[in-house]
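Quick look at what TrEMBL lists:
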DOMAIN    6-46  domain 'FecR N-terminal'
DOMAIN    110-200  domain 'FecR protein'
Amino acid sequence: MDRPQTADEWFVRLNSGLPASPEDDAAFRLWLSEDPLNEKAYRDCQMRWMQLGAIGQSPEILARRASALKAAAGTHSRRDWLRWAGGGVAAAVTGGVVYAGFAPSRAWAKYATGVGQRLTVPLSDGSELTLAPLSRVRARFADGKRTIELQDGQIFVRAARKTTPLTVKAGACTISGSGCQLQVTHDAGKAEVLVADGGAKVTAQGGRTRQLWSGQKLDGDMATARVQAVDVRVATEWRMGRLVFSDQPLSEVVADFNRYSVEQFTIADPSLGTLRLSGSFRYDGVEDFPQALESVLGLSVEPDGANRWRITSR
């Protein structure tokens, strides 16, 4: 199978509207790492799909447009891609994941996602950045520095092992590490840092530095907050298209779903928001979530317009 065809098949698989399995995710990363030309082929493929307006469509529509892709092959150069990336990238998939790309530059590259969108960006140093829905990021790799600024939302970073640490800034908090995996959240002026693998240093406003290791997190005031142990798999499950809750108020659960899913839920009676719910639910195609509300909490979930649902008592 030739390289462009393989890139096309990976794109269809990863943008089918369903979350990528861990096996697919690992196999895709292996294919990218085998040859720099594989990453270029995937970037070129993504550009062609975006220009055809096919991202976020069903697999059947993607398949029907495959012939158009082959005809368009070779018409968009790497220069076209870099010009597009240099001006910033916005996720263009609904309820799925996009793999973009990043080249070293003195200018800041900007990335953003909307509701129900995830964006994965392979960085020029071998690192990888994944944006959760409703997130905004700037990145700059120049002058011997590797810097990511999280302006809003949540990101997961796989920092390649280099002599110079990768730095993530979230508000007044600075996180630095090399060869580690981090999840950083910045919401309403507050930051949360979770180390999924390896170790990282967290520097708070005022200069106090804390060391975090795998399975530890800090949130709130980074200078005074206690280091907490955390279940990394549960905390990062959103990357696989799932949200995990443990005895949380329904109001919080619905707020999270409305951020991650294109399906939007409204609680008709505010008093229902105090009901508590535990479980692991898909947010890409949310059938199991309404079923849990009805079977576990005894509520009614009814359509309330396109991609909108109303939660009421029975």
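Just so you know, glycine gets a Cβ as well, placed from its N, Cα and C.
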Mean pLDDT for the domain 'FecR protein' (110-200), rounded to an integer? 91
Would you list the DSSP helix, strand and coil counts for the residues of the domain 'FecR protein' (110-200)? 0 helix, 60 strand, 31 coil
